[in-house]
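Per TrEMBL, the features are as follows:
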COMPBIAS  1-14  compositional bias 'Basic and acidic residues'
REGION    1-22  region 'Disordered'
DOMAIN    25-176  domain 'Casparian strip membrane protein'
TRANSMEM  32-51  transmembrane segment
TRANSMEM  78-100  transmembrane segment
TRANSMEM  112-140  transmembrane segment
TRANSMEM  167-190  transmembrane segment
Amino acid sequence: MGSDETKSTLDTERSTVPGSGTTTKSCWMTQVVLRFVLFAATLTSIVVMVTSKQTKNIFIPGTPIRIPAAKFTNSPALIYFVVALSVACFYSIVSTFVTVSALKKHSCSAILLLNLAIMDAVMVGIVASATGAGGGVAYLGLKGNKEVRWGKICHIYDKFCRHVGGAIAVSLFASVILLLLSIISVLSLYKKIR
């Protein structure tokens with residue numbers, strides 16, 4: 001009698017072990033969806049930032065003066081922002097394919113989960129630092145800094161500043177998605193090795 005109860009308990013536990021139940025499949029489906037949303041967010045942020053160029057003409061009585069164009073390549077922090085989000089966008093493509101292939105095979109190794117957890121954590125750091133760097137430059141453009149005599153530019157380049165602000169907002173959203181993916185990867189790894 002005792003061995004039958006033990007056997008049924010083991011069968012019940014096996015059905016909830018990652019890699020063999022609907023919980024694992026839904027977890028992997030969640031990862032696939034979040035990785036696709038991450039791809040869309042990073043790509044959107046890159047496109048919005050790269051297209052943020054504005055030239056302004058000022059009219060002084062009798063003569064129009066053309067002010068140089070404001071574009072993301074004028075700031076090393078915004079260049080870093082675009083490069084970092086490009087890396088995250090490429091990572092989201094690769095990790096989506098890896099996750100889909102693991103879902104199709106109905107099996108995943110602890111090594112795969114460990115690699116995903118590590119890379120998700122690295123990407124959180126990269127995207128968050130790029131968002132912070134871009135946000136710092138955007139804040140200076142919006143408010144300026146009187147102590148060091150850096151003038152604000154958003155009253156002149158309003159379209160450019162809206163683009164930069166939008167790209168940074170979407171990047172912040174991508175950082176949150178990466179944080180969720182990192183947590184899910186660690187929890188999946190924990191369930192796999194316990």
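Placement of Cβ uses the backbone N, Cα and C atoms for every residue, glycine included.
Sequence-distant contacts of the transmembrane segment (167-190) (same chain, six or more residues past either end, CB-CB distance under 8 Å): 18, 24, 27, 30-31, 34-35, 37-38, 41-42, 44-46, 48-49, 52, 81, 85, 88, 108, 110, 113-114, 116-117, 120-121, 123-124, 127-128, 130-131, 134-135, 138. Below 8 angstroms of C-beta separation, residues 42, 49, 75, 77-78, 80-81, 83-85, 87-88, 91, 95, 98-99, 102, 150, 152, 161, 164-165, 167-168, 171-172, 174-175, 178-179, 181-182, 185-186, 188-189, 192 of the same chain, each at least six residues beyond the ends of the transmembrane segment (112-140), sit close to that stretch.
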